């Protein structure tokens, strides 16, 4: 199986399966000399880990990260950093009924057709369990970006099923299990999820991710544009069915006089471009939206086929998230960080000495909405 590595200079290769002994990532290309301990990584893993509320999977995994290499006396050495997370709460017997059948909406059928073998236990390699090492690697990337440029990467849920979650304040996000930036709507979201769980069904979500204090100039046109690589990384996240940068699909309805963000000496008037023009960062906030589909594993019986092609009915008994989008925010943050750090190193390699006389304008003109 190929396709397990993200990045060009700062690379992340993940390994493991949902019900194997461990999962992990090898981070290569991290610059030497950065302070790094497990504690720098654990915070983001704790935000993503299962079993943190009644609204997510009840699989109890501590997700304690171990740094096996690439760090000496508390500093990165420039050699590959191996991050290991041991699986401790597998319940493979829950999947005995799908050994010979394919779950609708899952990778069961496609993995079988492509490889001729599949690990049916919790989805194996295709499980969202494999996002844990992505988050661990992303924490390393976040730390480097923060120390080099003051870059801050944050995310929140803006929609749960049919319920819009209006943005109020960033301070609300860590205070609820939905990563909602609006505390007032949390009771409604909890009632909604309780009803969904009783019905044995699932729902999708929309996630917003914002990177602030991003340097100007990141991105490699034409085919390694920054927005193209962001979309590529985000589409590698389980259950993502759509990615928008900036105004996204709303751009279709806008006139050019509205969409084109005007430049002034005091800053940009608007950010419909989402912080990227011509595939290169402008220094404005990079804004990304993700559409996440409903969880395919539900208790409701579904029609399918078995390996022989015969009709079959599939019921899923494992422990699953009624909405995988609830835990997706820290994963999306990690992916954005990984793309940005890779492009920061690529920019430094080719254009680090480039100087122009034109001053860099502020990301936002005074009086413009944030």
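Backbone N, Cα and C define each Cβ position, glycine as well.
As stated in Swiss-Prot, the feature region 'Disordered' covers range 41-60 out of the listed 21-40, 41-60, 61-80.
Sequence-distant neighbours of residue 48 (NADP(+) binding site) (same chain, 6+ residues apart, CB-CB distance under 8 A): 63, 131, 132, 135, 327, 330, 331. For residue 54 (NADP(+) binding site), the number of other Cβ atoms no farther than 10 Å from its own Cβ, over all displayed protein chains, is 12. The number of other Cβ atoms within 10 Å of the Cβ belonging to residue 127 (FMN binding site), over all protein chains shown, comes to 19. Here the C-alpha separation of residue 127 (FMN binding site) and residue 54 (NADP(+) binding site) works out to 20 Å.
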